[in-house]
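Novice: Have a look at the structure that comes next, please.
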Amino acid sequence: MWTGAIGIATAVPMILFGLLGGSLADRVDRRTLVRASTALQGAGAGALVAQAALGNGSVLLLLALVAVQTAGAALGAPARRTLPVRLLPADQVAAGIALSIVSFQAAMLVGPAVAGAVLATRGFPAAYGLQALTIVVSLVAVLRLPPVPPARPDGASGRSPGGWRFVLRRPTLRASFAVDLAACALAMPVALFPLVNELRFGGDPRTLGLFLSSIAVGGLLAGAFSGAVTRVRRSGAVQLAAAGVWGLALAGFGLAGPVWVALGCLVLAGAADSISVFTRGALVQLETPDEYRGRVSSVEHVIGVAAPELGNVRGGVVASLTSAPVALVTGGLAATAVTVLIAAIDRPLRHYVTPGTAPRRTGPATPSRRSHRS
């Protein structure tokens, strides 16, 4: 019961405050919003330290503090997503987003291990204190950001279409989000990991741990080559290709026998997922006018939160009716099929070219006035 309550305590504020944060990001200085949201996270972390140090075992209090921290993270998420395009040249936006994703993957890989070690040796107050310290470091960093005012004066954005309507009116954005939604909702594998581990690998907890870390390792490997990927002009095609590979890799994981093949498929899936995410992230930010970026980023945020959960539910239902491998194979192939369909019918995404990237030259380079920045 309490596991489900934790899910509610995170999912509800993640969606509600994410939507609110998107609206605010188009009305107020985004630096101010990121500072306030980070401070709210820090307050929640400090309260967790106090709760643990005082020995307060109230589960309801713990859930409330988790909700506060989640609300803080969600409130600032849309504004954070808009920062690379405001702070970097157009041809470096994808690289900036890739760096952000790599740091997230690294945190997901290292964070739980460090937290587990601190928890085992120093207890809950120290573990929560370490989290609070990392938020303080983040707050110091965001305090150094330059002002990032909205493109329109206060209140003007309220008369323009909302983020969802804006996305639906733009074929490239609509297709890009559809690819991401299909990839996660049809092929998300995490809920099936314990079932596959039990069925094929004897339920060894070490193997399960490797499943969970292999996708993050793939993301880090993709980050190592992100420079080459982000320089590709046809970034829409890159997103489509990466989403297709994600589905095929997870179908391969469902069919894999030896553990090394299974882990290899998950590493490939993680790399493909990261490439798809940072190419889509750059596309969304570059194709959205600044006065809409906060609200469109909140759409991206909500899809990023809801689609994986839908995928885990789908996987669990199909596995209960058939088996975990069948759920993985059918989900992965379905995600790839939908991606191929979108690629076939949506020419704007298929031929999308990242602004600011120079075409590959076959002859001697000649200077161009467009290459000079004022």
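Even glycines carry a Cβ here, placed using N, Cα and C.
When I checked TrEMBL for this same protein, it listed these features:
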- 1-150: domain 'Major facilitator superfamily (MFS) profile' (DOMAIN)
- 6-25: transmembrane segment (TRANSMEM)
- 97-120: transmembrane segment (TRANSMEM)
- 175-196: transmembrane segment (TRANSMEM)
- 208-228: transmembrane segment (TRANSMEM)
- 240-269: transmembrane segment (TRANSMEM)
- 324-345: transmembrane segment (TRANSMEM)
- 353-374: region 'Disordered' (REGION)
Novice: Restricting to CB pairs under 8 Å, which listed stretch, 6-25, 97-120, 208-228, 240-269, is in contact most with the transmembrane segment (175-196)?
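Specialist: Result: 240-269.
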Novice: To what whole number does the mean pLDDT across the domain 'Major facilitator superfamily (MFS) profile' (1-150) round?
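Specialist: Mean model confidence (pLDDT) across the domain 'Major facilitator superfamily (MFS) profile' (1-150) is 88.
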Novice: As a quick check of your reading of DSSP, tell me how many residues in the domain 'Major facilitator superfamily (MFS) profile' (1-150) are helical, how many are strand and how many are coil.
Specialist: 130 helix, 0 strand, 20 coil
